[in-house]
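**Q** Here it is: the structure, laid out below.
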Amino acid sequence: MGAEAGEPSSILSLASAFSYGVASMAMVFVNKAVLMQYVHSMTLLTLQQIATALLIHFGQVLGMSKRKDFSWITAKKLLPVSIFYNANVGFALASLKGVNIPMYIAIKRITPLAVLVAGCMRGKGKPPTQVILSVICTATGVLIAALGDFSFDLYGYCMALTSVFFQTMYLILVEKSGAEDGLSSVDLMFYNSILSLPFLFFLIIATGEFPHSLTVLSAKAASLTFGVILVISLVMGIVLNFTMFWCTIVNSALTTTIVGVLKGVGSTVNLPTYERSVCPLIRTL
């Protein structure tokens, strides 16, 4: 697994966590910029996965990237990762139909607690006491927020909590695959992209996005501004998945979820400024 093998250095651990945090926060704003002009989110996710698979494939052909040769045995072992990954996306989108965005973000912050419990159940070593207390405080804050949510929607809450479960499962499996199977971030990205495509194709058809989404995309392709934003979104989708898998393999699933919580804080602080200054500019382009 190269640099990801063995006991990672403190610098490598910090670099992977920091990279994931920055990429994750940036992705929020990039996706918002795209979705302001192109509302078909599942089609956008499908394009990001196609771009990921093609980039890794041609990178290997040109000798610019390294990954293990495709194996159906490995694909079969990683199928649950892909299923949980896409189930997380599907249930997250379903939850947003009944839960407001701030409450959704709050519920997703339960994920570190779920990962912590799952780690204990699979016999993993106990994390430091301060980490446990921090995770419990975060979960308590979510509970307090839920009690004050007057727009309580049982369906939305159930969908969001189910999304938390699937996110926990795929991060645990990614950590396990990196440690036991010797798979790198690039390997996991490639398999996840290939295995995700059938699910995503079914989803864009079932939700009615296809073929209208492609018609809209063709019409907007003439706009240079939209084309640039779309390319940035595709690139950032690749960067986000790479840094997420990298952080999980080098550190742990728990570290990745905690970084995600910190990213949520940063996004919440910066989003109002972004909406006041950048969004009006994008709408006029």
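Note that Cβ sites are derived from N, Cα and C of the backbone, with glycine treated the same way.
The following feature annotations were taken from TrEMBL:
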type	residues	note
DOMAIN	23-239	domain 'Sugar phosphate transporter'
TRANSMEM	12-30	transmembrane segment
TRANSMEM	42-63	transmembrane segment
TRANSMEM	83-107	transmembrane segment
TRANSMEM	128-148	transmembrane segment
TRANSMEM	154-174	transmembrane segment
TRANSMEM	186-206	transmembrane segment
TRANSMEM	226-247	transmembrane segment
**Q** Ranking 12-30, 42-63, 186-206, 226-247 by Cβ pairs under 8 Å to the transmembrane segment (83-107), which is first?
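**A** That would be 186-206.
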**Q** Given the transmembrane segment (226-247), which of the listed stretches 42-63, 154-174, 186-206 has the most Cβ pairs that are under 8 Å apart from it?
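**A** Checked against 42-63, 154-174, 186-206; highest Cβ contact count belongs to 42-63.
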**Q** Any residues 6+ beyond the ends of the transmembrane segment (186-206) with a Cβ under 8 Å from its own?
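**A** The answer is 40, 42-43, 45-46, 49-50, 52-53, 56-57, 65-68, 70, 74-75, 78-79, 81-83, 85-86, 90, 174, 177-178, 213, 238, 241-242, 245, 249.
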